[in-house]
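> Grabbed the feature section from Swiss-Prot, which reads as follows:
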BINDING   96-98, 122-125, 132-134, Thr180, Ser312, 317-319  substrate binding site
ACT_SITE  His181  active site, proton donor/acceptor
ACT_SITE  Ser311  active site
SITE      Glu324  site 'Important for catalytic activity'
Amino acid sequence: MERIERDTLGEISVDATKYWGAQTERSRRNFAIGDNYMPKEIIYAFAQLKKAAAKVNALEGKLSEAKSVAIGNVCDQIIQGELDEHFPLVVWQTGSGTQSNMNVNEVIAHVANLTLGEEKVHPNDDVNMSQSSNDTFPTAMHIAAYQALVTKLLSEITKMEEVLTTKKNQYMQLVKIGRTHLQDATPLTLGQEISGWEACLTNNKNYLESSMKAILPLAIGGTAVGTGLNASKDFGDKVAEELRKQTGYPFTSDSNKYFALTSHSPINFVHGAIRSLASDLMKIANDIRLLASGPRSGIGELTLPANEPGSSIMPGKVNPTQCEAITMVAAQVMGNDTTINIAASQGNFELNVYKPVIIFNFLESITLLSDSMRSFRIHCLEGLTANESVIEAKVNDSLMLVTALNPHIGYEKAAKIAKLAFDENTTLKEAAIKTGFVTEKEFDLWIDPLKMTNL
């Protein structure tokens, strides 16, 4: 069954079971590109915005109370996910996001009209009143981005941080050999090493919390080119106030709407902090899989939980699969950052027309990082253990303990001891005594791996 919808280009048939209208249907047919659909977070953010705008328009006497309430009720249904099937458009559409704005307008109008009597809601005249796609889409971008950061990414960072804190405390007294340039270095404790990973998360969370303030100012009220044509002078401020009430987040009206429509440097800036997190997660995961390499022919200082068979041909193999997954996600996020950076540079004159691809990649980064961090935390970090016998053996066998002799016999003599031990494949202690530079008693007094950690 189909019904006929009309727009300024004429008539078009639409599936009678769907709530969208003519402009959505034209976009659905004209942009059959891939399967990357407009993120639901954007649709829900649009609904929050349309509800707020309807309230303000009613307060200003431009929209009837009945229409405002009807629009708000449909927006609530959208936010709750009850109308997801009626938003079929892909990301690869007009760069202003106009078709998705109209998709939301049409669905809201259609469903609202199912409950109203003779007073019909129009997608443009009522739902889109005092608005343009040019200011609503960037507003929805900021709402969706901020909410995703708070509800997804920041909470996962905190949870992983807590696991690392536990591991740090558990292994704070376990001395191991440090490594710089992939070569043996002076000792530290495993807890100290883990504290570096922990600080990566703490600092990146701080970077995010600081940078995400940049996306609190909203473009709404700028309408088509930033002048606010067809909207009241304080429409943006009033809508931002309504959004603060709805969401509990401190959104404001951007003081310069020309900037808000043509530049996406705030999103670009915040994603830089997300990319930084991805970089550090790649570092942490790489450290863990290298320290767990083996179990007998690698470093073998850490033992990974065995979650699944590692090989289809080699029995008993356990692979660092969670490390591999999260590092692939990190690579994807770095790629997303490049896309966002390029797209953000395309603000020609009064409007950036790469908006959908910017927010698609931004939200994908948040989803992938949040999901992979949860998986990595549960299936890797929580079950990660130290192979203490291997760690102890490597400490005892290390030549870099000789560094502790520097203050007592000087760098050159200490270097000769290390070289002799290496050349003759003896212990550092045997080489030190053989050179006559130190006595056995002095060696035992000065070479204390735990003291060398300055713990």
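Every residue, even glycine, has its Cβ placed from backbone N, Cα and C.
For each feature listed, report its degree of burial, its nearest neighbours and the pertinent distances within the displayed model.
Under the DSSP three-state reduction, Thr98 (substrate binding site) is assigned to helix.
Mapped onto three states, the DSSP output places His181 (active site, proton donor/acceptor) in coil.
According to DSSP, Ser311 (active site) is assigned to coil rather than to any helix or strand.
Reduced to three states, the DSSP call for Glu324 (site 'Important for catalytic activity') is helix. Taking the Cβ of Glu324 (site 'Important for catalytic activity') as centre and 10 Å as the limit, one finds 13 other Cβ atoms among all the protein chains shown.
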> Which one of these recorded positions, His181, Lys317, has the sparsest Cβ neighbourhood, judged by other Cβ atoms within 10 angstroms?
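Taking His181, Lys317 as the recorded positions, the minimal 10 Å Cβ count falls on His181.
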> Calculate the distance in Å between the alpha carbons (Cα) of Pro123 (substrate binding site) and His181 (active site, proton donor/acceptor), and round it to a whole number.
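Given the Cα positions, Pro123 (substrate binding site) is 62 Å from His181 (active site, proton donor/acceptor).
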> Ser311 (active site): which of the recorded positions Ser96, Thr98, Asp125, Ser133, Thr180, His181 have a C-alpha within 10 angstroms of it?
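If one measures from the Cα of Ser311 (active site), no recorded positions come within 10 Å, so the answer is none.
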> If we count other C-beta atoms within 10 Å, could you say which of the binding-site residues Ser96, Thr98, Thr180, Asn319 has the fewest?
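Sparsest of the binding-site residues Ser96, Thr98, Thr180, Asn319 by Cβ contacts within 10 Å: Thr180.
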> How many other Cβ atoms sit within 10 Å of the Cβ of Asp125 (substrate binding site)?
13
> Cα distance, Glu324 (site 'Important for catalytic activity') to Ser96 (substrate binding site), nearest Å?
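Per the Cα atoms, Ser96 (substrate binding site) and Glu324 (site 'Important for catalytic activity') stand 36 Å apart.
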> Nearest to His181 (active site, proton donor/acceptor) by Cα distance: which of the binding-site residues Thr98, Asp125, Ser133, Lys317, Asn319 is it?
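Comparing Cα positions, the closest of these binding-site residues turns out to be Asn319.
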